[in-house]
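Colleague: The following block contains the structure, expressed as structure tokens.
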Amino acid sequence: MLKIGNQEFKSRLLLGTGKYPDFDVQKKAVEASCTDILTFTVRRMKIFEPSQPNFLEQLDVEKYTLLPNTAGAKTAAEAVRHAKLAKASGLCDMIKVEVIGCDKTLLPDPVETLKATEELIKEGFTVLPYTSDDVVLARRLEELGAHAVMPGASPIGSGQGIINRENLCFIIEQSRVPVIVDAGIGSPADTAQAMELGADGVLLNTAVSAAKDPVKMAEAMKLAIEAGRLGYEAGRIPKKRYATASSPMEGMSRT
Ligand SMILES: CC(=O)[C@@H](O)[C@H](O)COP(=O)(O)O
């Protein structure tokens, strides 16, 4: 089980809700993923305008935990405002803090992320900050009381997979809160790798929503999460420089 704050989830896959070809494909992909947590951008949702279409209408929202995110915010103050808006709509008191610091790379602003996290923890939110793969920042956020840390595998929507495996391993090793790898996942292999390294979960969007067949890819991601986690729990063999025969030679006749 994945435990974030005081909530427990069966699935370790967190799914984004943007960029699907249409609501029908999105609904089917969400179902195929077997996710428990859906994330959406507060600013993109017309949460106080019920007359506007939004993805929540298409889904059985009772089945999912909604994780609003503050995408679009460039300062801590904006992120805090988005979070309060989401809470006021009654959707959820969990918030994914996302404060972008660079328009080209969409990498997060560490200083504003830290400030927003601190403020939102004081306000009683369950806070999941999205960061780059910065080991020290992840530690500082945990010390502040973040309920999970969400290091990016690589830039959002890039599909590059994990570009700094070592940093990710350091973060996983030091963290006492869940580590959810967020952004940059391109394929099921990337997802399985993150889970095999010991991540507690993976949040992804583009790899599914922009796949040729989003529904199939959603299922592939679900299986990758399960395979990666199982592999992590099973414990992989150490890598060696030279070969070792797979069949023991002792006791074999020389003929
Ligand atoms: C940080 C962020 O916004 C991510 O949650 C993003 O939505 C997912 O990134 P990918 O689209 O690269 O999976």
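Even glycines carry a Cβ here, placed using N, Cα and C.
Taken from TrEMBL, the feature active site, schiff-base intermediate with DXP applies to LYS96. Here TrEMBL flags GLY157, ALA183, GLY184, ASN205, THR206 as 1-deoxy-D-xylulose 5-phosphate binding site. Feature annotation from TrEMBL assigns domain 'Thiazole synthase ThiG' to 3-248.
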Colleague: Find, for the listed binding-site residues GLY157, GLY184, the residue with the lowest Cβ contact count at a 10 Å cut-off, counting only other Cβ atoms.
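Modeller: With the binding-site residues GLY157, GLY184, fewest surrounding Cβ atoms within 10 Å: GLY157.
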Colleague: Just counting, how many other CB atoms are there within 10 A of the CB of LYS96 (active site, schiff-base intermediate with DXP)?
Modeller: 29
Colleague: For the recorded 1-deoxy-D-xylulose 5-phosphate site, enumerate neighbouring residues of the same chain (Cβ within 8 Å of the Cβ centroid of GLY157, ALA183, GLY184, ASN205, THR206, site residues themselves excluded), in sequence order.
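Modeller: Near the 1-deoxy-D-xylulose 5-phosphate site, beyond GLY157, ALA183, GLY184, ASN205, THR206, sit GLY16, PRO155, ILE156, SER158, GLY159, ILE185, LEU204, ALA207.
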Colleague: How many angstrom lie between the most widely spaced Cα atoms of the 1-deoxy-D-xylulose 5-phosphate binders GLY157, ALA183, GLY184, ASN205, THR206?
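Modeller: Largest pairwise Cα separation, rounded: 9 Å.
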Colleague: Find the average pLDDT over the domain 'Thiazole synthase ThiG' (3-248) in the predicted model and report it.
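Modeller: Mean model confidence (pLDDT) across the domain 'Thiazole synthase ThiG' (3-248) is 93.
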Colleague: Calculate the distance in Å between the alpha carbons (Cα) of GLY157 (1-deoxy-D-xylulose 5-phosphate binding site) and LYS96 (active site, schiff-base intermediate with DXP), and round it to a whole number.
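Modeller: Between the Cα atoms of GLY157 (1-deoxy-D-xylulose 5-phosphate binding site) and LYS96 (active site, schiff-base intermediate with DXP), the distance comes to 17 Å.
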Colleague: Give me the CA-CA distance between THR206 (1-deoxy-D-xylulose 5-phosphate binding site) and LYS96 (active site, schiff-base intermediate with DXP), in Å, as a whole number.
Modeller: 17
Colleague: List, in residue order, those recorded positions out of LYS96, GLY184, ASN205 with a Cβ under 6 Å from any atom belonging to ligand 1.
Modeller: GLY184, ASN205
Colleague: What is the Cβ neighbour count of ASN205 (1-deoxy-D-xylulose 5-phosphate binding site) at a 10 Å cut-off, with all protein chains included?
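Modeller: Its Cβ has 20 other Cβ atoms within 10 Å.
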Colleague: How far is it from ALA183 (1-deoxy-D-xylulose 5-phosphate binding site) to LYS96 (active site, schiff-base intermediate with DXP), counting Cα to Cα, in Å?
Modeller: 13
